[in-house]
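As recorded in TrEMBL:
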DOMAIN    8-292  domain 'Aromatic amino acid beta-eliminating lyase/threonine aldolase'
MOD_RES   LYS205  N6-(pyridoxal phosphate)lysine
Amino acid sequence: MTPVPVIDLRSDTVTRPTPAMLNRMVTAELGDDGRGDDPTVKELERVAATRLGKEAALFLPTGTMSNHVAILSHAFLKGEVIGEASSHIFRSEMGGLSLLAGLYPRPLPGRAGAMDLGALDACLRPPGVTDHALGTAVVCMETTHGLGGSVLPLDHMRDVWAKSSQLGAPVHLDGARIFNAAIALGVDASAIAAFADSVTFCLSKGLSAPVGSVLAGPPPFIERARGFRKMLGGNLRQAGLLAACGLVALEQSIERLADDHLNARRLADGLHRINPHLVSLTDVVTNMVMVDLGRTAADAEQWTKVLSDYGVLTAPVSKNVLRFVTHRHVDASSIERVVTVFAEIYRTRPAALFAA
């Protein structure tokens, strides 16, 4: 029996390095980055900082470590971290801001990753700790949002930045997919990063590098970050092998992200034709499609199993919601097949299980 070809839409983290990346690794000039003398890492940090309009940058193994290092560098043991409640830093980073940095999380309500500005006004306090209250240590934003791919409007970011800066609280941007956000907004990534003191982005998601994230900010901040990277075990030796892939990613992979956005739109349109309740078309702006199964009798885990039988891999993010993430290994024909699979499931499965 011929195995069913797999279409993996669980995340853009499943992307593999391009041939150009593998070729660049072979010729990369190497040193010991733990001692600060790997020239390829230094070049990646220089290029990344320039892309984001920042003065300095630091290469790290993962986005989660980048966020942890950023928060440690801004505000070790100094108060509250404010952010939107469903952001990655609160949802998926194992409580690191409390366990590692000794900070208290202050998640705020919001929609599509954008925190409520009224709630922000009510919570912001000058940094520091008094006898009765914790001050604001860091304010965090995230774009694109990991649960849906929504993009923060620049006006919203400007408001958060202004309110926080007025009280002296630094702003950190989790920009894991900042280049997706830049394409969606039609601006350079530096225009987004301008509303944050520090920003991190991932090389190993849609940009297709195998490993790595970059944290950018002012030179004194990056020097502190270098020490916290060491503390967390993030120093690498001949990291130029990985940095070489990151350089290729920044040179060749950014503009291609628009193809992922187009394929996400194709998927959303196709699913909407099958059942309009499955997808909110207005929420699909980058490379993610959130599929709402609330009007079916099966939950997201059951749907995940059924779809995998057809060779379609996806990820449940709640009881009734699946997340589909497009990337460079998924083309238009793959999307057509996924839509066909959904149509087949609706046609052949018992109405009691998959009600329209």
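Placed from the backbone N, Cα and C atoms, the Cβ positions cover glycine too.
The structure displayed is predicted, hence computed values, not measured ones.
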Reduced DSSP assignment, the residue listed as 'N6-(pyridoxal phosphate)lysine': coil
Mean predicted confidence [pLDDT] for the domain 'Aromatic amino acid beta-eliminating lyase/threonine aldolase' (8-292): 96
